[in-house]
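So the structure is just underneath, and the comments pick up after that.
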Amino acid sequence: MSMNSQGRPTAPAAESRTVSSGPAALLPAEPLLFEIGDRDHSGVDLPDVEVDDSRLGGLRRKAPLDLPGLTEPEALRHYVRLSRRNYSIDSGMYPLGSCTMKHNPRLNEKMARLPGFADVHPLQPVSTVQGALGIMEQLSHWLMELTNTAAVALSPKAGAHGELCGMMAIKAAHEAKGQGHRKIVLVPESAHGTNPATAAFLGYSVKSIDANENGTVDVEAVVAALSDDVAAIMLTNPNTCGLFESQIIEIAKAVHDAGAYFYCDGANFNAIMGVVRPGDLGIDAMHINLHKTFSTPHGGGGPGSGPVVLSEALAPYAPVPFIRKNGENIGLVEHAEDGSFGRLTAFHGQMGMYVRALTYMLSHGADGLAQAARDAVLNANYIKARLDDLFSAPFDGQPVMHEVLFDDSFLKGTDVSTLDFAKAMIDEGFHPMTMYFPLVVHGAMLIEPTESESLQTLDVFIETMRDLAHDAKAGNVGRFTQAPMRAPLRRLDETRAARQPKLKWSQEDQRAKAAE
Amino acid sequence: MRYLPHSAADREHMLATIGAASIDELFSTVPKSVLGTFSPDLPDHQPEFAVEAHMRALAGKNHAAGDGPFFVGAGAYRHHVPATVDHLIQRSEWLTAYTPYQPEISQGTLQMLFEFQTQVANLTGMDVANASMYDGSTATAEAVLMARRITKRNKVFLSGGLHPQYRDTVVTYLSGEEGLECLSPSPEGQGDIVDHIDDQTAAIVIQTPDFYGHLRNVSALAEAAHAKGALLIVVVTEIVSLGLLEAPGALGADIVVAEGQSIGNPLTFGGPYVGLLACRDKFVRQMPGRLCGETVDADGQRGFVLTLSTREQHIRREKATSNICTNSGLCALAFTIHLSLLGEKGLTRLAKLNHARAVALADALEGAGLEVLNNSFFNEMTVRLPSPATPIVEALAQKGILAGLPVSRLEPGKPEVENLLVLAATELTTDADIAAFVDSLKGELA
């Protein structure tokens, strides 16, 4: 049996491959709620009051609800057992490129649960929520200081919602200036899928821009694509190849000279917070994913929060609500005045996330945020330096920012794909990096360590990656194509899931299965 | 800095490995003119206790709902959340995981989403539900866009009983598009939509219980819409109501959207909440957002994956059904755990209790000679005061009573709603709360 650098076996004994995977004693398969729950079980004690139908408009429910219940001990066990079938940042390194899986300080959670924040209604009189508006004011101040911008729209609920916000502000600005005919948005090939989806959502046609051989966008390529019909460019910086767009100031100038606006996707702000201010680069709008950069937890896929900072030119078009200071009092503007493009959501956005993000900012301070960005960049470059000889970096010869991109050319001739490689990482105790994104390189592997990983953890990760690369090249294909073998489940049949969609549990399916 | 693991020696060692003299050198691709050329007006790092003191001071400036009698609803409701819910959602494995892109090590989140989808479908009486949206208002806007894609028609009518901020959100999402018509506010619960439906109509959107608290029987609307090939979108902002009331699916809804906050999630000044979106089977490929489906692994064991992703932006880019990416995973988890604890029995009791408290409130208001506009309601109602509602609510707030929402806050400049107050009661509303409120209200009006 071969061992890896930590003395752990790199492959299971041959016979164990045929049995189900994972340490079954601690991670038993867990039935569905609908298989263990019961209509008569409940984990809450409530009086059974009688109500008559006189004020129910004849709409009282007749059919049963088909919602099983669990008592408290049953519910705890069910959801604790399920939780153990998840990987998480707290359990190991999660180098998912472009997702910024950093440490989530628990003080943030504690603060968000103070009754003065958690037990406050969004439509209470404004005089009774001055502390909540104070949170919004202070968070806005931090975001504007860190970006050198004129305004911030806090309400977007996630990054893609923030993109919608920024692009709506751009659309409103063009319309206000009689430039409503501008119908094209420039988007580089390497962009997140949300960028073209957002532009299309607003009726824009998307024109793609090619990157140069170094993985960045040339100002010449932008100039060639600009015209009187272009409304905006959507550019991610640092870009999704982990590189700083070094001609960004020239690009911004060219875009402005052509009468267009510059939307910056701020998903990668973690690389530069406190070090570079996007406003100094000439951006007009940029969303900031509080759940990435400012560590509001990812929660298994949300909730996010995507405030958008705006330049002087776009500030008048910001959506409601926004706060307005009036002496000591903070007011809340809830109805669109001249210019504002409207409202993106009921209420005021993700207050619970504002509290967590502000707590995180205050804990770090300006000095700590800059150090975090610098450590994130240091970590990515360290990984690159130590993997460069075995892996293939498509855009070599320059420092990377907070993430490092490899392609799959180092796997050529091995019969191991990027997907196989990622699945083998699972067996070694790591969450895989982002795969097959960005689309501009073949078999992309995008690794973002974040500032939260210690040198010791990085070294273990690097040794594991090196060991895997050696093994792939040595022809030990089974370690990859059979992986994962030590996860709670083996590879899942995604084709079957899509061809015969089964999107909820049903009694009939259960009976049919039992009859088989 | 307590969150950053590197020592100075670690950094030196790493720089030596990289072959760089300093971290600054790693920023060499950044134009020099913008690198470190500023000093922000921001404090430096602080110990945990200092940050906590700062945040507690801000929290202390808010009047929490639990500090006194409380009657505000209008799309966000104060309910009791069992301690188990908050304990479980703070487990590292739930809190600090991300979107389940690697299903082999994300079965916890995926199975939970499958349970969530089933609960939402069963609760709304629909065939299928997605893995959550940002909130009820954005889910409503997405449902309107979905209906336009399905019917390939433009015309959409929003009922006058739709939450005004939901309406404003839909208007913003569809800005610049033709065919959207918002009907005038209907505080009396009057039928306002059925006469508008024609064969160009994509969808009609109706909320029940509506913004003013009236229960709307949507089955006649469903028939009228279907006769013209239009879809019925039903909006529910108080999901607990479905513990007592007929499911929208049973009344003919084609798409149901809802705010799920009431189950599992605290008020938190308006967010994060959890949007629910459910529909008929035949529309599933036009749904926005993530979907979780059942499958098997290489050993034939049951497992779950994100599926039908060819609808989504990361695959389809500009041809996606929506630009949505992140959903409300953790809020959906809180919803699912709380609803598992309730079950049919608990939810039915909770709903009856809410209605009973609202009946007590309505009786007390009418007993005080006030005009309650509702013939029907679940846990929320509209009162017409003899004078504008805003100053009265302000005055009561000064006495520690949060008395409900003056409609004019959301509908400014409309004299016909100036005296209207929307009030909610929940299982947390006591007889003493009601008595204190009605007494103070009488005092203000005297």
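The chain as shown is numbered from 1 upward.
Quick reminder: no glycine exception, Cβ is built from N, Cα and C everywhere.
Source: prediction; values computed, not measured.
According to TrEMBL, the features are:
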type	residues	note
COMPBIAS	A:505-516	compositional bias 'Basic and acidic residues'
DOMAIN	A:178-299	domain 'Aminotransferase class V'
DOMAIN	A:373-480	domain 'Glycine dehydrogenase C-terminal'
REGION	A:1-22	region 'Disordered'
REGION	A:488-516	region 'Disordered'
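DSSP assignment over the domain 'Glycine dehydrogenase C-terminal' (A:373-480) gives 50 helix, 10 strand, 48 coil. For the region 'Disordered' (A:488-516), the number of residues in each DSSP class (helix H, G, I; strand E, B; coil) is 15 helix, 1 strand, 13 coil.
Secondary structure counts, DSSP: the domain 'Aminotransferase class V' (A:178-299) has 35 helix, 26 strand, 61 coil. Note on the domain 'Aminotransferase class V' (A:178-299): its mean pLDDT in the predicted model is 96.
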